[in-house]
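Visitor: Taken from TrEMBL, the feature compositional bias 'Basic and acidic residues' applies to 1-11. Summarising the annotation, TrEMBL assigns domain 'SLC41A/MgtE integral membrane' to 140-274, 354-497. Per TrEMBL, the feature region 'Disordered' maps to 1-43, 59-92. The feature transmembrane segment is assigned by TrEMBL to 103-123, 182-205, 211-242, 254-279, 285-306, 318-338, 410-428, 440-460, 480-505.
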Amino acid sequence: MSSKSEPKDVHQLNGTGPAASLCSSDGPGREPLAETSEFLGPDGAGVDVVVIESRANAKGVREEDALLENGSQSNESDDISTDRGPAPPSPLKETSFSIGLQVLFPFLLAGFGTVAAGMVLDIVQHWDVFQKVTEVFILVPALLGLKGNLEMTLASRLSTAANIGHMDTPTELWRMITGNMALIQVQATVVGFLASIAAVIFGWIPDGHFSIPHAFLLCASSVATAFIASLVLGMIMIGVIIGSRKIGINPDNVATPIAASLGDLITLALLSGISWGLYLELDDWQYIYPLVCAFFVALLPVWVVLARRSPATREVLYSGWEPVIIAMAISSVGGLILDKTVSDPNFAGMAVFTPVINGVGGNLVAVQASRISTFLHMNGMPGENSEQAPRRCPSPCTTFFSPDVNSRSARVLFLLVVPGHLVFLYTISCMQGGHTTLTLIFIVFYMTAALLQVLILLYIADWMVHWMWGRGLDPDNFSIPYLTALGDLLGTGLLALSFHVLWLIGDRDTDVGD
């Protein structure tokens, strides 16, 4: 194997020795790997000193330097081996201000998307399909959570690939796009089908009532919504990541919030429209429901074949189902809470505020998880760097107050919660959404729930991403579904608890109406 090393200057200790000569190579085409210098010893005799080129390990660099120092690895290393490919592009230097500046606009955009989704849910909750087939409410968090199960996972995978140089050539780019788009269509179809089954079961257990036409309606609505929403959002994500990389913005900071900005609104609008259209045919054209389900299921083999062609998605196709399915089940529990509270006058406003608090928490923790995963990928492959994956839970002080870049981003993301929610609450109030008056005590309880939700999520993300990495699991594929599903459950539960406490102390000034 040839080794291409640059000729080095001869180092002389006292300047009295002759110029250094290069050692002879072992064979034709071989470059010399060592250099010899002759120096004078204590007795005046010549001493040959052989200087072997050293291989500096870039992994010795501290955590924050790996992300903050642009090009530091290439400057500090004299690796002569050609076994490894070209070094991946170094990440941009990031300070707290630069992180906040890059995250702020996508965060606000995503927040306004959740506000719009909340306003839509506040309107459609009075439609006949939501009143007669109340299990549709259970589908809402599960399908809105698809942005965490699929789109945010897609954004995290592609952001990591872009940051480590796996999307630099047209061939690599096309392979990543086709494989990932096919993969999310497979996952969307399966998750949509399972979400409808969970909605039927969760709706049947409390009431003991089961309707076959309603079950087919839920299945058709869920599968169609999941498929179309994932197709649209997947194409948007690919454009965002490619564009952000070209203009020098870290895709980890912008991709996941933008995925959420349109994700909630598009998914909820599709679910409402499709379920309403199918509900109109409930009496006359019931056979349409199984036909819709069969059509999307029949497309599964096509997407499976396309996803298997890409090495980056082949593994996820076989092993990435556990987090997606468990996350869907967790979100469905949150949907059950929403189903039982949204029709209660004492919980007026839950419909408009639930997508907001769930969306904001999920967006922020997805950004953090994606950033930590990118940092770990820069230091090797999952399971390689055990020192980067602690076996026990980190201290909260380590998560939020240490000097490394991941702790810095956690502080920035946590500080965005209060000003962001104030903007979103003011927007909802101006649009007269929620059938409720925003009092000071309501804002205090709401902010407490939101801060507690994000605090818990950021801490769990710090532990979960490193834990999965230590077990050889890629956090891009496994962590974000769990985290966003926990965000849905925590957000819905804490918000319902806040509304209940406010009702007990008599602070709910509501004006419920259609």
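Think of each number as a place in line: the chain as shown, counted from 1.
Using N, Cα and C of the backbone, Cβ positions are placed for all residues, glycine too.
Give me the lay of the land around each of these features.
Guide: DSSP assignment over the domain 'SLC41A/MgtE integral membrane' (140-274) gives 120 helix, 0 strand, 15 coil.
If you look at the transmembrane segment (103-123), the same-chain residues 6 or more away from its ends with a CB under 8 A from one of its CBs are 140, 144, 253-254, 257-258, 260-265, 267-269, 272, 351-356, 358-360, 363-364, 367, 412-413, 416, 420, 423-424, 427-428, 431, 433-435.
Sequence-distant contacts of the transmembrane segment (182-205) (same chain, at least 6 residues past either end, Cβ-Cβ under 8 Å): 134-136, 138-139, 142-143, 146, 149-151, 154, 214-215, 218-219, 221-227, 229-231, 234, 293, 296-297, 299-300, 302-307, 313, 316-317, 320-321, 324-325, 328-329, 332-333, 335-336, 339.
Within its own chain, the transmembrane segment (254-279) is flanked in space by residues 102-103, 105-107, 109-114, 116-117, 120-121, 124, 127-129, 132-133, 136, 139-140, 143-144, 146-147, 151-152, 154-156, 158-159, 217-218, 220-222, 224-225, 228-229, 232-233, 236-237, 240-241, 244, 288-289, 292, 355, 359, 362-363, 366-367, 370, 480, which lie at least six positions past its ends and keep a Cβ under 8 Å from the stretch.
Same-chain neighbours of the transmembrane segment (285-306): 178-179, 181-183, 185-186, 189-190, 192-193, 213, 216-217, 219-220, 223-224, 227, 278, 317, counting only residues six or more beyond its ends whose CB sits under 8 Å from a CB of the stretch.
Below 8 angstroms of C-beta separation, residues 137-142, 144-145, 148-150, 187, 190-191, 194-195, 198-199, 202, 350-351, 354, 358, 477-479, 481-482, 484-486, 488-489, 491-493, 496 of the same chain, each at least six residues beyond the ends of the transmembrane segment (318-338), sit close to that stretch.
For the transmembrane segment (440-460), same-chain residues at least 6 beyond its ends with a Cβ under 8 Å from one of its own Cβ atoms are 353, 357, 360-361, 364-365, 368, 394, 396, 399-400, 410, 413-414, 417-418, 421-422, 425, 483, 486-487, 490-491, 494-495, 497-498, 501-502, 505, 507-508.
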Visitor: Report, as numbers and ranges, which residues of the same chain sit near the transmembrane segment (480-505): CB under 8 Å and 6 or more residues beyond its ends.
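Guide: Sequence-remote neighbours of the transmembrane segment (480-505) are 141, 144-145, 147-149, 152-153, 156, 256, 323-324, 326-328, 330-331, 333-335, 337-338, 341, 346-347, 349-350, 353-354, 357-358, 361-362, 365-366, 369-370, 441-442, 445-446, 448-450, 452-453, 456-457, 460-461, 464.
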Visitor: Which bits of the chain, at least 6 residues beyond where the transmembrane segment (211-242) starts or stops, bring a Cβ under 8 A of a Cβ in it?
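Guide: Residues 133, 135-136, 139, 142-143, 146-147, 150-151, 154-155, 158-159, 162, 167, 173, 177, 180-181, 184-185, 187-189, 191-193, 195-197, 199-200, 251, 254-255, 258-259, 262-263, 266-267, 270-271, 274-275, 278-279, 282, 286, 288-290, 292-293, 296-297.
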Visitor: Would you mind splitting the domain 'SLC41A/MgtE integral membrane' (354-497) into helix, strand and coil residue counts from DSSP?
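Guide: Breakdown, helix to coil: 112 helix, 1 strand, 31 coil.
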